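K.L.:
A single structure is presented below for examination.
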Amino acid sequence: MLTLLTSMYLVVRAVSKEAEPIRVLVTGAAGQIAYSLLYSIAKGDVFGKDQPIILILLDIPPMLPVLDGVVMELQDCALPLLREVIPTDKVEVGFKDLDAAILVGSMPRKEGMERKDLLKANVAIFKTQGAALDKYAKKTVKVLVVGNPANTNCLIASKSAPSIPKENFSCLTRLDHNRACSQVAMRCSVSADNVKNVIIWGNHSSTQYPDVHHAKVNLHGSEVAAYEAVKDDNWLRGDFISTVQQRGAAVIKARKLSSAMSAAKAICDHMRDIWFGTKEGEFLSMGVYAAGNSYGIPDDLIYSFPVQIKNKTWKIVDGLPINDFSRAKMDATASELVEERDTALDFLSQ
């Protein structure tokens, strides 16, 4: 009898055994996006409600006192999944044994700064961070680049981490995707979860192309093509596109600060979908490595495509029909990315 009870106890213990904590890095951790992001990660909204987390917060030395305040607040939240918070300005601490890296920190564009100067400053940052990932992180680490110019920063980080698969790197265009879904939803007087399969093509910049030719809207329980649901082709080919393209600038103009709450939500959406996959028949927008795509986009770019995700692995949704209107816009944003890449690679080789 005692042996049976002991066996049952061991089985119960084995079943209830807590998962190992995962190590999640956020860079630029004293900034406003991170401030909106960290609570959601630590609470379990991203990696699961039963997944313990060790949060590593990396920032530059002048920001360490601010980071101490962020650590205090995370401690004061008394979150059951948060095992440890590690503030640091050292890459060897920040990038050690990572399961996930969310690279928020970058050099922001300052008044009077040329785009090439911005690229040069960010190449230095993301070359260092890529090399640190290569040296210290797990080879399975999933890397999300948020800091702008996000696509090209992501490419530089990937090139600087040759031992980590290129498929492990992605950049954030989910904020643009969410913006596009919301615009269509408001136009149709439905909630945003009734809009699916919007696509953001290309660069996370004002050349990006928000495309709803393949999108569906759930109207009164029936799925309807977005163009049919909206019933305003001029808006969909005009103000809708420019609103999504210029939304970041509009937020800055109104708020005097860049998007933080919506950016943090998009980061959570992006990482959660990497961890848990996309729904059957649905696709999302992510900046991913362009090699071997069916849309004629040049190789060796990080370009936003429609993707589906399974087992933490993304796959570009191939074979969608592309009309002439879309083709021109997809090519225009690709041209900008080629120019950015070539400029950045010149700096990388110096």
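Numbers run from 1 along the shown chain.
Here the Cβ of each residue, glycine as well, is placed from N, Cα and C on the backbone.
Feature list, courtesy of TrEMBL:
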- 23-169: domain 'Lactate/malate dehydrogenase N-terminal' (DOMAIN)
- Asp59, Asn122, Val146, Gly147, Asn148: NAD(+) binding site (BINDING)
- Arg109, Arg115, Asn148, Arg179: substrate binding site (BINDING)
- 173-347: domain 'Lactate/malate dehydrogenase C-terminal' (DOMAIN)
- His204: active site, proton acceptor (ACT_SITE)
K.L.:
What's the CA to CA span in angstrom from Arg109 (substrate binding site) over to Val146 (NAD(+) binding site)?
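P.N.:
About 14 Å separates the two Cα atoms.
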K.L.:
Within the domain 'Lactate/malate dehydrogenase N-terminal' (23-169), how many residues are helix, strand or coil going by DSSP?
P.N.:
67 helix, 27 strand, 53 coil
K.L.:
Round to a whole number and give the Cα-to-Cα distance in Å for the pair Arg179 (substrate binding site) and Gly147 (NAD(+) binding site).
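P.N.:
So the Cα of Gly147 (NAD(+) binding site) lies 18 Å away from that of Arg179 (substrate binding site).
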K.L.:
List, in sequence order, the same-chain residues at least six positions removed whose CB sits under 8 Å from that of Val146 (NAD(+) binding site)?
P.N.:
Ile33, Ile102, Leu103, Val104, Ser106, Cys171, Leu172, Ala263, Ile267
K.L.:
Whole-number Å only: compute the distance from the Cα of Asp59 (NAD(+) binding site) to the Cα of His204 (active site, proton acceptor).
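P.N.:
Just about 23 Å between their Cα atoms.
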K.L.:
Drop a 10 Å sphere on every Cβ of the recorded positions Arg115, His204 and tell me which sphere holds the fewest other Cβ atoms.
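P.N.:
Least crowded of the recorded positions Arg115, His204, by Cβ count within 10 Å, is Arg115.
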K.L.:
State which of the following binding-site residues has the fewest other Cβ atoms within 10 Å around its Cβ: Asn122, Asn148.
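P.N.:
Checked Asn122, Asn148; of these binding-site residues, fewest Cβ neighbours within 10 Å: Asn148.
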K.L.:
Roughly how many Å separate the Cα of His204 (active site, proton acceptor) from that of Gly147 (NAD(+) binding site), to the nearest whole number?
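P.N.:
Taking the Cα atoms only, His204 (active site, proton acceptor) lies 10 Å from Gly147 (NAD(+) binding site).
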K.L.:
I'm checking region-level scores; what's the whole-number mean pLDDT for the domain 'Lactate/malate dehydrogenase N-terminal' (23-169)?
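P.N.:
Result for the domain 'Lactate/malate dehydrogenase N-terminal' (23-169): average pLDDT 96.
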K.L.:
Can you check which residues sit near Gly147 (NAD(+) binding site), meaning Cβ under 8 Å from its Cβ, same chain, 6 or more apart in sequence, and list them in order?
P.N.:
Thr27, Gly28, Leu103, Val104, Gly105, Ser106, Met107, Asn122, Ile125, Phe126, Asn153
K.L.:
Hey, of the binding-site residues listed (Arg109, Arg179), which one tops the CB count within 10 A?
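P.N.:
Selected residue: Arg179.
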K.L.:
Taking the Cβ of Asp59 (NAD(+) binding site) as the centre, count every other Cβ atom within 10 Å, in any protein chain shown.
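P.N.:
If we count other Cβ atoms within 10 Å of Asp59 (NAD(+) binding site), we arrive at 23.
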K.L.:
Across the listed NAD(+)-binding residues, Asp59, Asn122, Val146, Gly147, Asn148, what is the farthest Cα to Cα distance, given in whole Å?
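P.N.:
Taking every pair of listed residues, the largest Cα separation comes to 16 Å.
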K.L.:
Considering each pair of residues in Arg109, Arg115, Asn148, Arg179, all listed as binding substrate, report the largest CA to CA distance in Å, no decimals.
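P.N.:
It comes out at 25 Å between the most distant Cα atoms.
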K.L.:
Take the C-alpha atoms of Arg115 (substrate binding site) and Asn148 (NAD(+) binding site) and report the distance between them in angstrom, rounded.
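P.N.:
Here the two Cα atoms lie 11 Å apart.
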